[in-house]
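Features reported for this protein in TrEMBL:
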type: COMPBIAS; residues: 634-643; note: compositional bias 'Basic and acidic residues'
type: DOMAIN; residues: 102-286; note: domain 'Phosphatase 2A Regulatory Subunit A helical'
type: REGION; residues: 1-20; note: region 'Disordered'
type: REGION; residues: 613-643; note: region 'Disordered'
type: REPEAT; residues: 28-66; note: repeat 'HEAT'
type: REPEAT; residues: 105-143; note: repeat 'HEAT'
type: REPEAT; residues: 182-220; note: repeat 'HEAT'
type: REPEAT; residues: 221-259; note: repeat 'HEAT'
type: REPEAT; residues: 260-298; note: repeat 'HEAT'
type: REPEAT; residues: 299-336; note: repeat 'HEAT'
type: REPEAT; residues: 342-380; note: repeat 'HEAT'
type: REPEAT; residues: 381-419; note: repeat 'HEAT'
type: REPEAT; residues: 420-458; note: repeat 'HEAT'
type: REPEAT; residues: 498-536; note: repeat 'HEAT'
type: REPEAT; residues: 537-575; note: repeat 'HEAT'
type: REPEAT; residues: 576-611; note: repeat 'HEAT'
Amino acid sequence: MAGAAGPGTGPGTGPGAAGGDGDDSLYPIAVLIDELRNEDVQLRLNSIKKLSTIALALGVERTRTELLPFLTDTIYDEDEVLLALAEQLGNFTGLVGGPDFAHCLLPPLESLATVEETVVRDKAVESLRQISQEHTSVALEAHFVPLVKRLASGDWFTSRTSACGLFSVCYPRASNAVKAEIRQHFRSLCSDDTPMVRRAAASKLGEFAKVLELDSVKSEIVPLFTNLASDEQDSVRLLAVEACVSIAQLLSQEDLEALVMPILRQAAEDKSWRVRYMVADKFSELQKAVGPKITQNDLIPAFQNLLKDCEAEVRAAAAHKVKELCENLPIEGRETIIMNQILPYIKELVSDTNQHVKSALASVIMGLSTILGKENTIEHLLPLFLAQLKDECPEVRLNIISNLDCVNEVIGIRQLSQSLLPAIVELAEDAKWRVRLAIIEYMPLLAGQLGVEFFDEKLNSLCMAWLVDHVYAIREAATNNLMKLVQKFGTEWAQNTIVPKVLVMANDPNYLHRMTTLFCINALSEACGQEITTKQMLPIVLKMAGDQVANVRFNVAKSLQKIGPILDTDALQEEVKPVLQKLGQDEDMDVKYFAQEAMSVVAQRLRKLDLPVKDSDEPSAPGADKNHFLRPRGPGEDAGKVSRDRAARVASEAAVEAAQLGVGTQPRSGPAYQLCVNPRETLAHLEIVGLVHFSQSRD
């Protein structure tokens, strides 16, 4: 693209010439067009992303006659530029004059659909599919179908792979004669010499089948499916499995049994593990497509083989589908099928040698309890759950913990606690912090179902131990956990059980634990109410204002800001305000800043209550810079200059926005703006210069 001539550019039309001729309205457009020819890739990319702005300024006529031919002739560029161009052109119909002129966009997109880079071709095909919907039926046959034919018969495989994605969008609106030609081209691509083309055809086979007439599906698509499913390349065969789902939905049971099932049985036992993996991955969709009878006779035996496949990836994919398979079975006889034909294979996977297989199974096995009922869950599934809770792989344990609620709904909390609680308590102290985190997140639900007495006896100590965990995420989750527990068990329980233990941590030698006390107070204050907060928590917070660690002190200020709305006026006026004023004079700048923030909140609270507030109680400058205390002012720094610089920055942003909005089909009120840099100053000053409106003339 570098070095080519842009539309409307030439002698006397460059950026400098715009100002020289007195026509400032096209100056920004000239800059953008010039950037299309720039050697800098980033500048070309930026200009391509603003292509709609250029088109708006040029008008629909010049866009069709100048801009699009220019883009078509200069397709050779960096992949990221071409990708942006392909994306932009998909939304260009309105900029070239509407649906009647949509065909003008086909030449550049056709060129983009033939480039070597896959992502560019895919984006070009996506845009072509979008534009095809805007063609009339006549224009589709006159312009779009010939494009598809050219691509399908191109010399390079790149054009032929792109053509595969376009058949389904033009076929439904084509005449019968053209439909026959389209089907012929698709058949040719399905038997192409290049594997990449056959792969593209196989990936679009199901989509194409959905828009064909049923007779054509049986007579043409099924033979193509059979050939692709027997292709020498496994990458083609596995895509044929995906097409099988769409084809199966279109055929009757008799046709399915005769035409599709032999191929599917063959795929489930394919020599390539990738093909078998695809069968396992699409198993639920296949099951729904073929119906219950064929599922019972053919798919269940195939699924058993996949669960004991020699490749771990295949077993893991099949294990992921266990729950969905069982849910989709007919309710009548479902329990028998699962117990006799599925569960024995599941028991083997629980002790599989591959951790990914065990993890996949653990993520879905809990869901079987709702299908099999209480008795079967207790007798057959609970032992499997326990085994997985004790598995050496943390991912397996995590997946079991995360789905305990499924089992709880079926067997009840008492049975669950007797069977699984010892293992849960053990996991609460697991070396892997994510496992501990999963237990914490489940704790409020578990606590609400166990009841307060059982919880205090078995799990309370665990919840307090998490508050001093060495991982911050655990301490944070434990703090939120306490708030949820108070909401469940009430303020009296909190006052007697939780609050005293939390407040003791304020004297901990580790400053992180002292900070956790403040975090807990922040979380508990709202749940506990004004009385407990004022009488028990506030004195501890105020005492910690004298902590030797600055991080603790500024968290004291943040805590006072948080609990301020809960406290009564006497506490705010007599206890909180003096402490915040003292912190506002702290030697640490962060402490000063957060104390000032808190003081503003307290002052507003007192003002609402009609209490007198001195001016000194608030920061001296309303709306002061939040970084005021974080950035010391340099010696001799002019405060007025800082304000002027800030105003200049705001004005420059407004100027940029106005310049962007100045190009359009309607005149705007108010001036457009331009940014000028004065290089003579040490610091560039941004000047706002009023310009003439963009001209409405497109010439």
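Using the three backbone atoms N, Cα and C, a Cβ is placed for every residue, glycine included.
Unlike curated entries, TrEMBL annotations are predicted automatically.
Quick caveat, the model's predicted, so the values are computed rather than measured.
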Open item on the list: Under 8 Å between C-beta atoms and at least six residues away from its ends: which parts of the chain pack against the repeat 'HEAT' (182-220)?
Closed with: 145, 148-149, 152-153, 157, 160-165, 167-168, 170-172, 174, 227-228, 231, 233, 235-236, 239-240, 242-247, 250-251, 255, 259
TODO: Report, as numbers and ranges, every residue of the chain located at least six residues beyond the repeat 'HEAT' (537-575) whose Cβ falls under 8 Å of a Cβ in that stretch; write 'none' if there are none.
DONE: 499, 503, 506, 511, 514-515, 517-519, 521-522, 524-526, 528-530, 582-583, 586, 588, 590-591, 593-595, 597-598, 601-602, 605-606, 609, 611
Task: Same-chain residues at least 6 beyond the ends of the repeat 'HEAT' (260-298) whose Cβ lies under 8 Å from its Cβ atoms - done: 222, 225-226, 229-230, 234-235, 237-242, 244-245, 247-249, 251, 253, 305-306, 309-311, 313-314, 317-318, 320-321, 324-325, 328-330, 337
Open item on the list: Cβ under 8 Å, sequence separation of at least 6 from the ends of the repeat 'HEAT' (299-336): give me the contacting residues as numbers and ranges.
Closed with: 264-265, 268-269, 273, 276-277, 279-281, 283-284, 286-288, 290, 292, 342, 345-346, 348-349, 352-354, 356-357, 359-361, 363-365, 367-368, 371-373, 376
